[in-house]
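Going by Swiss-Prot, these are the annotated features:
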ACT_SITE  465  active site, proton acceptor
BINDING   43, 44, 45, 46, 47, 75, 114, 146  4-amino-2-methyl-5-(diphosphooxymethyl)pyrimidine binding site
BINDING   76, 95  Mg(2+) binding site
BINDING   290, 462  5-(2-hydroxyethyl)-4-methylthiazole binding site
BINDING   365, 415  ATP binding site
REGION    1-238  region 'Thiamine-phosphate synthase'
REGION    239-540  region 'Hydroxyethylthiazole kinase'
């Protein structure tokens with residue numbers, strides 16, 4: 001059967017591996033189970049097999065693919081593909097050059113190419129639409145199916161760079177499939193986050209091996225994968241993701257929910273912050289726990305209204321941090337991420353980027369320098385972990401906040417004299433191929449919170465970190481009717497107002513510590529946002 005390029009469905013792309021078959025199954029039985037339940041494209045990948053056996057295997061799989069009207073792709077072996085008249089070939093960067101492959105295959109066959117750099121996209125764009133039909137974008141995450149991986153995992157941000165390059169070089173014809181380390185626990189996050197910066201394209205599909213080939217019940221495994229692709233919504237927290245402009249009434253409702261639910265806030269944070277953060281959390285009607293014990297994170301995450309504040313001011317063991325992120329993501333409990341000193345040192349940059357790649361965060365909160373660096377709008381490396389926005393204007397800070405919110409599908413907070421809060425969750429919605437249909441970072445809803453200068457805030461330790469405690473308390477206390485954006489905005493508004501109130505009462509930096517906790521307690525328990533001193537307005 002001949003498939004036209006336009007009608008190929010890349011959404012669920014199965015790559016075979018005969019070395020991981022469960023007992024009682026065959027390669028053909030696993031492939032057919034996948035095809036029965038939603039696989040849309042099959043690639044035979046065999047690295048250690050005699051040509052005669054490869055051809056025989058390919059012919060058997062081809063019969064099954066024809067039965068389900070699904071294209072068959074051969075990995076690397078152009079001779080095998082031509083011998084059985086397969087529907088196409090997939091090659092890597094070190095395989096036969098693309099122009100030569102196309103010359104051998106002819107114009108009608110599907111030709112795929114593994115791509116991991118924007119420069120490779122530039123090359124395929126120069127070749128034009130007659131060469132590469134689709135690219136495998138990756139490797140996204142670590143994977144055991146590559147015995148000697150030559151590329152480091154790129155994560156969703158690397159995939160975004162590839163999608164941006166396709167748009168920049170106008171390779172509109174080229175389809176994309178995410179490859180490498182994709183499993184049910186990260187597929188929806190990848191589909192949600194991997195959107196070009198101009199909002200005009202997203203991944204066309206995902207490629208998997210072990211989740212079908214190694215599954216004892218490949219039918220059920222494929223149904224689950226198909227369901228994730230078709231869901232079009234990633235509900236990564238148990239509250240509402242739809243945003244409207246916060247009002248005093250909606251913020252009152254948030255505080256009432258926090259007060260009623262008394263969330264448990266697990267702090268993984270720096271030692272300087274721990275005591276002050278615990279007292280701030282208590283002042284907000286919440287229960288703090290300072291725990292960096294890997295073996296208990298799953299239990300803590302499952303406590304009703306649990307919330308995690310992950311602050312990288314002190315570098316905890318990376319495996320413990322990953323375990324915590326995974327535990328909270330697994331049960332859809334919110335994580336507030338504070339990438340302290342994001343790019344201050346290579347160690348911090350590597351740690352923060354690793355964690356950003358590993359999980360989904362309900363809120364990413366940082367000072368001006370951190371958010372500018374995250375958005376790649378900072379021209380210099382941070383000096384230490386303190387904020388140093390200098391003369392950066394409010395338009396640039398808003399833009400940076402919106403970029404972070406857009407790229408990480410989160411509510412982003414940029415702190416300073418003016419606090420910016422942007423919602424990039426898109427209600428958790430995602431679409432294959434079409435991205436956000438042209439909606440970009442600068443289109444995201446963003447609010448500005450200000451209360452004049454409060455210089456004494458910078459004269460105490462952990463004032464910025466404790467805003468993280470406040471946000472984590474508010475979003476952890478939401479029930480299913482609460483709105484994430486309202487909670488984050490309400491937390492920032494309360495904290496700013498409490499800071500101003502405390503600054504009028506204190507005698508110096510020592511008493512400011514105490515007055516800030518008292519002010520937070522007072523404003524939270526009074527629950528009268530209409531009387532708070534900080535102002536809230538939409539940006540433009």
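The backbone N, Cα and C atoms fix where each Cβ goes, and this holds for glycine too.
When secondary structure is read from DSSP and collapsed to three states, residue 365 (ATP binding site) falls in the strand class. According to its DSSP assignment, residue 47 (4-amino-2-methyl-5-(diphosphooxymethyl)pyrimidine binding site) is coil. Taken together, the residues of the region 'Thiamine-phosphate synthase' (1-238) have an average pLDDT of 95. Put simply, of the binding-site residues 75, 95, 114, 290, 462, the one whose Cα is nearest the Cα of residue 365 (ATP binding site) is 462. The C-beta environment of the residue listed as 'active site, proton acceptor', restricted to residues of the same chain at least 6 apart in sequence and closer than 8 Å, consists of 269, 270, 272, 273, 276, 277, 311, 313, 338, 340.
Rounded to a whole number, the C-alpha distance linking residue 43 (4-amino-2-methyl-5-(diphosphooxymethyl)pyrimidine binding site) with residue 76 (Mg(2+) binding site) is 10 angstrom. Per Cα geometry, 76 is the residue among the binding-site residues 76, 95, 415, 462 nearest to residue 44 (4-amino-2-methyl-5-(diphosphooxymethyl)pyrimidine binding site).
Cα of residue 76 (Mg(2+) binding site) to Cα of residue 114 (4-amino-2-methyl-5-(diphosphooxymethyl)pyrimidine binding site): a distance of 11 Å.
Summary: among the binding-site residues (45, 47, 365), the fewest other C-beta atoms within 10 A of the C-beta are counted at 47.
On a Cα basis, residue 95 (Mg(2+) binding site) lies 14 Å away from residue 45 (4-amino-2-methyl-5-(diphosphooxymethyl)pyrimidine binding site).
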